[in-house]
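First the structure, in the form of structure tokens, and then the observations on it.
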């Protein structure tokens with residue numbers, strides 16, 4: 001879910017400039033209300049049918065993968081060659097790309113969108129340019145400036161906004177590990193992307209429960225789970241995918257089979273035990289490209305299997321490519 005942050009940050013800022021307040025229908029700072037760990041790609045992993053989009057986005061990142069799709073095959077391969085050189089240079093510079101170097105590159109790509117979103121937020125929230133983001137700065141930049149006791153006196157549904165503000169402050173206090181009410185860049189990252197930090201796990205679970213537990217009994221019932229995904233229209237037959245979600249709830253979400261999700265089950269759902277996704281993808285790319293089976297990749301091996309690593313398009317590839325590729 002946090003892969004949407006850069007776009008959502010832009011929406012939040014536009015909304016703030018136009019209306020002065022974030023939407024009460026969104027989570028903190030425009031994020032989706034239910035947190036999930038950051039995937040390498042939302043595309044299906046379907047190599048068997050020649051669909052390498054998942055691999056492209058895992059290796060390059062979604063935005064850069066789209067740019068490669070606009071390139072000629074020759075330019076795409078040339079830029080891939082420069083990436084290969086950079087991967088090896090970041091490692092031991094022995095002329096080969098090891099599994100560790102490939103994993104490190106994919107992990108770097110996975111974190112790029114987080115770094116970009118935090119940089120944008122930092123510029124917005126650090127209003128006094130002192131190199132830290134105070135809670136007051138963040139609050140005022142997000143909700144507007146109010147005198148104590150007058151919060152949201154000028155808006156409809158003031159109570160909803162007060163709850164949002166309290167929730168943001170609670171998350172900020174957890175992210176602010178030294179308790180000085182001033183966020184470092186690392187602490188602001190934890191605030192904006194709590195699913196990436198172990199010490200933020202409890203707040204992620206608490207926020208998810210608050211959003212889904214409509215009857216406030218401390219659990220997520222199956223109907224509450226479904227209601228977050230689907231709004232039934234009168235007389236409408238429930239779609240097959242909703243029925244599949246009900247089955248998913250019963251078989252995989254409700255671990256103790258009591259018909260509801262408690263806090264630990266919510267945590268297992270939204271932040272499951274960590275799998276090293278970059279390592280899994282690195283092993284996959286190595287297995288598919290290591291033709292001499294020596295456990296490492298030469299530049300030639302990567303380029304010979306270039307269409308698994310990056311995409312291309314033979315026509316109209318240069319006209320709307322505006323981003324500079326210095327980092328590649």
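Glycine is treated like the rest: Cβ placed from N, Cα and C.
Between the stretches 321-324, 325-328, Swiss-Prot puts its motif 'Prevents secretion from ER' entry on 325-328. The stretch in 77-112, 113-148, 241-276, 277-312 that contributes the largest number of Cβ pairs under 8 Å to the domain 'EF-hand 3' (163-198) is 113-148. Classification of residue 260 (Ca(2+) 5 binding site) by DSSP places it within a strand. The Cα atom of residue 254 (Ca(2+) 5 binding site) lies nearest to that of 213, taking the recorded positions 92, 140, 213, 290, 301 as the candidates. DSSP labels the residues of the domain 'EF-hand 3' (163-198) in these numbers: 25 helix, 2 strand, 9 coil.
In this structure the C-alpha atoms belonging to residue 294 (Ca(2+) 6 binding site) and residue 140 (N-linked glycosylation site) are separated by 57 Å. Spacing of residue 260 (Ca(2+) 5 binding site) relative to residue 290 (Ca(2+) 6 binding site) is 47 Å (Cα to Cα, whole number).
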